[in-house]
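Engineer: Quick one: the structure is below, and I'll ask about it shortly.
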2 protein chains.
Amino acid sequence: MTVTSPRGFRASGVTAGLKPSGQPDLALVVNDGPQHAVAAVYTSNRCKANPVLFSQKVTAGGGARAVVLNSGGANCFTGQFGYETTEMTAAEVAAGLTATGNEPVTASDIVVCSTGLIGVGDQTWRDTLLGGITPAINALSATGGEDAARAIMTTDTVPKNVEVSVGDCTIGGIAKGAGMLAPALATMLVVLTTDAQLTPEELDTALRHATARSFDRLDSDACMSTNDTVVLMSSGASGVHPDLDAFTQALTEACQDLARQLMSDAEGAAHNIAITTSGAASESDAVEVSRAVSRSNLFKTAIFGEDPNWGRIVAQVGTTSAEFDPANIDVTVNGVPVCVASGPHADPETVVFTRDVTVDINLNAGDHRATVWTNDLTHQYVEENSAYSS
Amino acid sequence: MTVTSPRGFRASGVTAGLKPSGQPDLALVVNDGPQHAVAAVYTSNRCKANPVLFSQKVTAGGGARAVVLNSGGANCFTGQFGYETTEMTAAEVAAGLTATGNEPVTASDIVVCSTGLIGVGDQTWRDTLLGGITPAINALSATGGEDAARAIMTTDTVPKNVEVSVGDCTIGGIAKGAGMLAPALATMLVVLTTDAQLTPEELDTALRHATARSFDRLDSDACMSTNDTVVLMSSGASGVHPDLDAFTQALTEACQDLARQLMSDAEGAAHNIAITTSGAASESDAVEVSRAVSRSNLFKTAIFGEDPNWGRIVAQVGTTSAEFDPANIDVTVNGVPVCVASGPHADPETVVFTRDVTVDINLNAGDHRATVWTNDLTHQYVEENSAYSS
C-alpha cells in the first residue's frame, strides 16, 4: 500500500549521503506509463524553494515521467547556484531514465522536491545529491514505494504510505512532514500515484478538491514551509477511465488518511485534536473558527495538560469574522458540554482524555460544518525545535 | 513612579479573597480631580468580558471617577448574572466614594476591569468581590499606586509601574499581563494617570497613538484576550495644558516602558526578542513582516535553543503580503548578517546570545521600518500553560 501499488510505477529509496545520520535521503518515483499525466499543488509561501520554482514549470505542462525527492537540505534561499542544482538533478534523472528505458526523457519531464534546512546547498551538497541518482535509478523496482517513503523522512518517526481502490483503479501515496499545505510546519511532501486513465485537467480538479479537504485542514503549528509539494501522477496502466466524482472521493480519502498519519506523527505531539465547528453560516466560517482555535498556543498547551479549558476556545472564536452571537456559543470537549449558551455547563472535571481529542463548537448560526486537525503544544515540541536546526 | 505619581490620584490594593493564594486581588485607582476626563481602548475580541461591555459605555462619555480592577476571575462568558456583578461592583465603588467624598458619584462614573479564568463568576465569587470594595475604599492613599499594581497581578512575577514627565505634568501607570491589545496573551490591564489638563478627545488621540506603537506591537503568543483594557485618566491637578504632541510622545514612552516590562515578565520566557523590519515600502508592511515572524513557533523555539535559524525567519516573511523581492532579503541576528541577498552569509555559529535578542530584516523595498517585541517559546511556557488553568 504505497506509490508502487498502482500499476505502471517503480520507486526506490537510497542513501546519497546528505544526512549526517547516514539514513536514506534520496527517493525516486517513476511513471512507466502508458500515460504520463501529472497535477500538483505547491506551497503558497512567496519565498519558494528552488525545486518548487523548477517543478511548477514542469507540472504546468501536464506531463511528468518521475519525481525525485531528497531529504537533508531544502535547497531554498541558495540563489542561482541552488536553482542550477535542481536543474542538474532533473537532468541527471532524465539521463538515467533515458539510458535504462526505451524512449528519451528530458529534464523538463522530472519533478524535483527537497526538504531539510533552508540555506543548505553548496558545491559539496550538490555533488553528494547528484552522486546518489545513479544508485537510485539502479534500485528502482515495482515494490520500491516503501523505500521511497523512508528516504523522504526528516523528523518523521514512521514512514507514511496509503492505498485506496476506486473500481478497477488504484490510488497509492507516500508523505513526509507534519503540517498542512498552506501554511505548513516542516516541509510536507506528498507523492500520489494512480493507474486510472485521466487527463491532467481531471487530475488537477480531483487533486485540488482532495487537498482542500485534507492537508489544507491540517494545522499542526501554523508555520508555512517554502517547499511543500503534493504531486499526483497517473500511468493509465489500468486501462480504465473511472467516474471522476468517485475518483475524487477516493483521492480525498487517500489524502485524509495521509493527513491523519502526518498529524499522528507531528513533532512532539501528545494528543491528536479534531476541532469541528458546526452551526456555521458557511463552510468558510466553520473553517475559520476551527483554524483559529487550532492556532492558539494557550489552547494547545491546555490540551497537553488535559485541561478542557473552554475559555481559551471561546476567546479564539472571538478573534474571527465568522457569523455568531457571542451570547450563544456551545463548546463540547470529548462529548462533555462544558459551555452551553456561552456560559459554564457540565463540570470540566468529568472530561476524560485519551490521545484523540474532539472539540465541537456550535455557533448556532447556520447548517455548515468543518473540521480542522491539529496537535497539542508539548515539552517535546519545544525540545525538538529548539535543539534541532531544521 | 506609579499611578499615584501624578497629582490628583489615590489608589489601593487589598485582598478580597478571590485568589486561592490569598494574595491581593482587588485594586482601586481614584481620580480626585479637579477634572475627570478619561479615554480607553479595549480588546477587539468579539467575545468580550462583562467588565469590558460595561466599561465601554462608561468611557464613551469621556468622564470617569475611578477604575476598579480585580484579579482571580475574568467575569467573561458568565452571562447576564456576570454583567449584573459588574454593575453591582461599579455601584458599590460609587457608593463608597460618595460616602467618603464631597459629591455624589454614580456607577456610570466607574470603569471596571477583571482578569483571571473565563467562566468564573458565581454567587460566591460575586459576594467575595463586593466584600472587598469597602476595604479598598478605606485603604485609598496618595501613595497606594504600587499596592494597586500588586493586586492586579496574575501570572506576573513582578508588579509593573511607570512614571514619565512632560513639562510640568506627570504621567503614571500600572500594568499586568504579558501580551498585546489585539491579540493578547493573558489579559492585559493598564491604568494610566496624568495631572495634565486635557479634554477626553485629546486624551483619546494621545492614547490611540501611544498604544498603537507600544502594546499593539507586543506579540507574546498571538492569543487575544477577552478582557484587555487600557484606560487613561486625567485629573488636571497640575493646572497645565501641555502641548499635545509633547504629551503624546511622553505617553508613548510610558506605554513602551510598560510594554517592555510586560514582555520581560511574559510567561515562561527566556529571551526578549525585538524584531525590526526595515527597508519596507510602508510602515504597515514592516509591522506585518515583524509580526509574522513573532508568531512562528518554529522561530520562537529556535531562539529558545539559541539557534539563529534564519530559514525559519524568511519562511515567515514569505507568508506576508508585504512588498519585497524573494531574492533580495537580508537577515541580521544580534548584529551578525546571517543572510544577505536571500543567501547564507556570515557563519551562524558566530552569533552570541544574551537575554535580549535583536532580529533585523531588511526587505530592500523602501524606507519604512517598525519593531515588534516578542518572546521565545520555552519549556516553562508549556509548563505554566498546561498546568495552570487561566
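Numbers here mean position along the shown chain, with the first residue as 1.
Cβ coordinates are placed from backbone N, Cα and C, and glycine is handled just like the others.
Below are the features I grabbed from TrEMBL:
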type: BINDING; residues: A:Thr154, A:Lys176, A:Thr187, A:Glu267, A:Asn385, A:Ser390; note: substrate binding site
type: ACT_SITE; residues: A:Thr187; note: active site, nucleophile
Engineer: List those binding-site residues among A:Thr154, A:Lys176, A:Glu267, A:Asn385 whose Cβ lies under 8 Å from any Cβ of chain B, in sequence order, or write 'none' if there are none.
Structural biologist: A:Asn385
Engineer: Helix, strand or coil by DSSP: which one applies to A:Glu267 (substrate binding site)?
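Structural biologist: DSSP call for A:Glu267 (substrate binding site): coil, neither helix nor strand.
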Engineer: Taking the Cβ of A:Asn385 (substrate binding site) as reference, which residues of that chain separated by at least 6 in sequence fall under 8 Å from it?
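Structural biologist: Non-local contacts for A:Asn385 (substrate binding site): A:Glu267, A:Gly268.
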Engineer: Among all the protein chains here, how many other CB atoms are within 10 A of the CB of A:Lys176 (substrate binding site)?
Structural biologist: 28
Engineer: Could you find out if DSSP has A:Asn385 (substrate binding site) as helix, strand or coil?
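Structural biologist: In the DSSP reduction, A:Asn385 (substrate binding site) maps to helix.
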Engineer: What number of additional C-beta atoms lies within 10 angstroms of the C-beta atom of A:Thr154 (substrate binding site)?
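Structural biologist: A count of 22.
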Engineer: Determine the Cβ neighbour count for A:Glu267 (substrate binding site): the number of other Cβ atoms within 10 Å of its Cβ.
Structural biologist: 27
